[in-house]
Amino acid sequence: MIFAVGFGASLGAVARYALTSYGKKHWMQGTACPRPTLLINLTGAFFLGLAFALRLPASVYAFLGTGVLGGYTTFSTLNTEMVSLAENGQKHVLKHYLLASYLGGAVLLTCGYYLGSLL
């Protein structure tokens, strides 16, 4: 199972890197809001809720939930970007980013869980 988690984490991290690289080129013009990280963490929260609700076998959940989605989402980058926004005086953006990340993550995790419970 440990190899499944590691393999899943590598897939998630590569997906995060690709989406972040693309997002920095195409979604960051004219804004200080770290949109790629926000999108990654919100979609990750949704899919984690979905995976949890599906009551997958432990090995599948370890691969998808802990591995892929754990490698895909990023708590450390989120917090680093928040510190950067604060240091650069972007308090308004910081406030909205914080709210969107945590509240949005909780809402989307709940939506994913609800959808998964219907399947």
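Residue 1 is the first one shown; counting continues down the chain.
Here the Cβ of each residue, glycine as well, is placed from N, Cα and C on the backbone.
Residues or ranges marked as transmembrane segment by Swiss-Prot on the basis of sequence analysis: 1-21, 44-64, 98-118. Under the heading Na(+) binding site, Swiss-Prot lists Gly70, Thr73, citing sequence analysis as support.
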Same chain, 6+ residues apart, C-beta under 8 Å of the C-beta of Thr73 (Na(+) binding site), given in sequence order:
Gly12, Arg16, Ile40, Asn41, Gly44, Ala45, Leu48
In sequence order, which residues at least six apart in the same chain have a CB under 8 Å from the CB of Gly70 (Na(+) binding site)?
Val5, Gly8, Ala9, Gly12
